[in-house]
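The structure appears right after this line, and notes come after that.
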Amino acid sequence: MSNIDKERAIAAALAQIEKSYGKGSVMKLGQRPNVDIEAISTGSLGLDIALGIGGVPKGRIIEIFGPESSGKTTLTLHLIAESQKKGGTCAFIDAEHALDPAYAKKLGVNIDELIISQPDTGEQALEIADTLIRSGGIDMIIIDSVAALVPKSEIEGEMGDAQMASQARLMSQALRKLTASINRTNCITVFINQIRMKIGVMFGSPETTTGGNALKFYASVRIDIRRIGSIKDKEEVIGSQTKVKVVKNKVSPPFKTADFDIMYGSGISKEGEIIDLGVKLEIIEKSGSWFSYNKIRIGQGRENVKQYLKEHPQISNEIEKIIREKSSAITNINLDQTEE
């Protein structure tokens, strides 16, 4: 078959597919109107940089997992707030029945516009999620959490009944159904997950996430979040030092990490990240306990500098912009070196 005949055959096949399944069902990748992946900020400057595209990708499945009280829900509430700032409509499937509206409001979530559901069973939760995603009007949906998606058979059964892998089967079936709708509607779907210990593991990490392996495969981004220390004001604990690791990333190089502070009552400390990343990238100068920007001293001690940046948002925004530009340039250089 000559090249002309091949092209005619392909064109005829594409025309037949489009006639059967609609325009846009098949095309050459270069013809796609939006090749670049859009992203929504996580609310953490360091994590946005670690993810490589400035946030979590639209139209993808995201898994956020970690131990108890590590900041999983806080991070997802920041995601909702950032999406709402850009005019997005968000939904929260609260399978754990533990969402605190007052805390969400403090983190910048518009609770009047947030769609919330507190389902009774795992099937109900995932059906609600499917209906909302298929509507095409939802920009982000949070499912909190996979561990709380209890199958109907388990709820209706006796307390001691063995329900072997029923949750894993439920998740596998749901993700097969959801994944095409998520991509088509460009909806960010975030699953919060918990950690369990595998029994009898001799080598490697005994930690695993709940709900089987399906979510590990379907997720484009998997974020491991851990509390690594406390932030104290004299004797009072006022926050947590948090470390996140991007353990899977289909849209950028994985295994990058970010550290940030989660302050009780106000969430991720943007100012703390600006100081740490500013010093690391030599945008902010540190001499002893003094910090300087553009040769002007902006404070002594990290907490005082944080307060200064809160009171001077124009300087804070200026430093943040430089950090994002510098980090983007460094990422591009690293990618070019990898390709060589």
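Cβ coordinates come from backbone N, Cα and C, glycine included.
According to Swiss-Prot, the features are:
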type	residues	note
BINDING	Gly66, Pro67, Glu68, Ser69, Ser70, Gly71, Lys72, Thr73	ATP binding site
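This view paints the features noted in Swiss-Prot onto the structure.
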residue : record           : Cβ contacts under 8 Å, 6 or more apart
Gly66   : ATP binding site : Lys72, Ile195, Asp224, Ile225, Arg226
Pro67   : ATP binding site : Gln194, Ile195, Arg226, Arg227
Glu68   : ATP binding site : Gln194
Ser69   : ATP binding site : Arg227, Ser240
Ser70   : ATP binding site : Ile225, Arg226, Arg227, Thr242
Gly71   : ATP binding site : Ile225, Arg227, Ser240, Thr242, Ile262
Thr73   : ATP binding site : Ala98, Leu99, Asp144, Ile192
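Counting Cβ atoms from all protein chains shown, Lys72 (ATP binding site) has 21 others lying within 10 Å of its own Cβ. Highlighted in sequence order, Ile225, Arg227 have their Cβ within 8 Å of the centre of the Cβ atoms of Gly66, Pro67, Glu68, Ser69, Ser70, Gly71, Lys72, Thr73, the residues recorded for ATP, and are not part of that set. Secondary structure at Pro67 (ATP binding site), as computed by DSSP, is coil. According to DSSP, Lys72 (ATP binding site) sits within a helical segment.
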